[in-house]
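Colleague: So TrEMBL lists the following for this protein:
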{"type": "BINDING", "residues": "Gln12, Pro13, Thr14, Gly20, Asn21, Gly149, Gln150, Asp151, Ile187, Lys196, Met197, Ser198, Lys199, Ser200", "note": "ATP binding site"}
{"type": "MOTIF", "residues": "13-21", "note": "motif ''HIGH' region'"}
{"type": "BINDING", "residues": "Asp137", "note": "L-tryptophan binding site"}
{"type": "MOTIF", "residues": "196-200", "note": "motif ''KMSKS' region'"}
Amino acid sequence: MNKKEIIVSGIQPTGNLHIGNYLGAVKKWVELQNSGKYEMYIFIADLHALTGKMTADELRTQINKTCAELLAAGIDPKKTTFFVQSHIQEHAELAWIFNCVTPINELERMTQYKDKVAQFKNATAGLFTYPILQAADILLYHGDLVPVGQDQIQHVELTRDTARWFNNKYEQYFPETKHLLTPTPKIMSLLEPNKKMSKSLGQDHVIELSDEPEIIENKIKKAVTATEGGGVAPGVANLLVLIKEFGDQKTYEKFIQMEKDKTIRYGDLKKELGEAVGKYFSNFRTERAKLLRDEKKLTKIMSVGTKKAKKVAEKTMIDIRKIIGLK
Ligand code: TYM
């Protein structure tokens with residue numbers, strides 16, 4: 001029997017899941033997991049979150065919440081090795097080794113790094129070497145495929161390069177990792193639809209999976225639809241993508257037709273979309289609340305995932321230490 005392809009992906013515990021995370025990554029993770037065709041590793045990237053500004057208490061709370069949210073969204077720890085990155089120390093160890101094969105100028109090219117450095121004064125070395133840790137996350141488990149949103153493509157390409165740099169310097173060991181996109185790899189902000197939906201823009205720019213229906217409807221009501229120049233305005237295009245994903249096919253086709261005929265009323269689109277999103281995540285909200293009341297269960301699930309991931313990570317590092325001359 002052929003070996004199953006290995007899928008690895010992660011998410012930072014920096015806030016509640018939003019529909020950008022969901023449509024760009026998490027929904028796909030659940031589909032891939034349920035197909036039974038892959039060996040799956042999904043983790044909470046808490047070490048990456050240290051490059052941000054959270055306090056220790058905020059981070060602790062958010063790791064727990066992200067865990068509950070991913071489970072509520074459909075990650076099944078029986079089918080997926082689901083764990084917290086920092087529980088497996090091998091991530092940091094492999095990252096150091098990759099530091100020593102990665103040219104500085106390749107890191108300087110990373111757009112996410114350049115954006116962050118432009119935003120923050122006194123940017124840390126963590127922001128700079130962030131993609132190296134990401135390469136370690138993926139290659140520690142020999143990841144073939146990495147399902148991510150569009151903003152992470154460059155980091156997955158760097159992972160592929162890292163594997164080559166390592167393989168060329170030492171010996172053929174790591175696979176050539178590829179990214180995997182959803183049909184919706186870049187969901188836009190509700191208020192600034194020329195920017196990627198992101199929590200860092202502010203609460204009203206994003207819809208969180210846990211938002212109550214009234215909140216969702218209100219946020220969508222305020223979404224920008226104004227047209228600049230010809231064609232479909234980016235804000236409208238974004239809302240149409242969302243109704244396609246969260247509404248039924250007929251409703252979507254109805255609005256597409258009306259947009260073409262120019263008979264569309266954005267108020268109607270927003271109303272139907274708001275209701276559809278609220279309904280879509282109704283089970284998620286219930287499940288999330290239940291899990292958050294059961295911290296013991298969350299801890300247990302994470303410790304089982306850690307054990308499974310640890311076995312693979314330890315084996316990789318035994319190989320690596322030999323290959324590079326540390327043993
Ligand atoms: P993070 O935590 O920013 O986002 C998690 C996933 O959500 C996707 N995403 C989006 N997709 C579509 N539209 C959006 N507006 C949107 N916003 C976010 C992201 O592309 C991502 O797939 N560096 C990673 C975490 C990470 C990782 C890894 C991922 C660490 N190690 C190894 C894959 C493999 C990050 O910060 O994602």
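Every residue, even glycine, has its Cβ placed from backbone N, Cα and C.
In the displayed structure, how are the listed features positioned relative to their neighbours?
Modeller: All protein chains shown were included, and the count of other CB atoms within 10 Å of the CB of Gln150 (ATP binding site) stands at 15.
Taking DSSP states H, G and I as helix and E and B as strand, the motif ''HIGH' region' (13-21) has 3 helix, 1 strand, 5 coil.
Under the DSSP three-state reduction, Asp137 (L-tryptophan binding site) is assigned to helix. Same-chain residues at least 6 positions away in sequence with a Cβ under 8 Å from that of Asp137 (L-tryptophan binding site) are, in sequence order, Val8, Gly10, Phe43, Ala45, Gln85, His91.
On the 0 to 100 pLDDT scale, the model's mean across the motif ''KMSKS' region' (196-200) is 95.
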Colleague: If we skip the immediate neighbours and take only residues 6+ beyond the ends of the motif ''HIGH' region' (13-21), which ones have a Cβ under 8 Å from one of its Cβ atoms?
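Modeller: Residues 44-46, 49, 52, 54, 59, 62-63, 65-66, 69-70, 73, 149, 186-187, 196-199, 206-210, 242, 277.
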Colleague: Helix, strand or coil for Met197 (ATP binding site)? Use DSSP.
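Modeller: Coil, per DSSP.
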Colleague: Taking Gln12, Pro13, Thr14, Gly20, Asn21, Gly149, Gln150, Asp151, Ile187, Lys196, Met197, Ser198, Lys199, Ser200 as the record's ATP-binding set, what's the max Cα pairwise distance in Å, rounded to a whole number?
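Modeller: It comes out at 19 Å between the most distant Cα atoms.
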Colleague: With every protein chain in view, what's the tally of Cβ atoms within 10 Å of the Cβ of Thr14 (ATP binding site), excluding that atom itself?
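Modeller: The Cβ of Thr14 (ATP binding site) has 20 Cβ neighbours within 10 Å.
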Colleague: Does Gln12 (ATP binding site) have same-chain partners at least 6 apart in sequence with Cβ under 8 Å from its own Cβ, and which are they?
Modeller: Ile44, Ala45, Asp46, His48, Ala49, Gly52
Colleague: Just to confirm: which same-chain residues, 6+ apart in sequence, have a Cβ under 8 Å from the Cβ of Met197 (ATP binding site)?
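Modeller: Correct list: His18, Ile19, Gly20, Ile187, Met188, Ser189, Leu190, His205, Val206.
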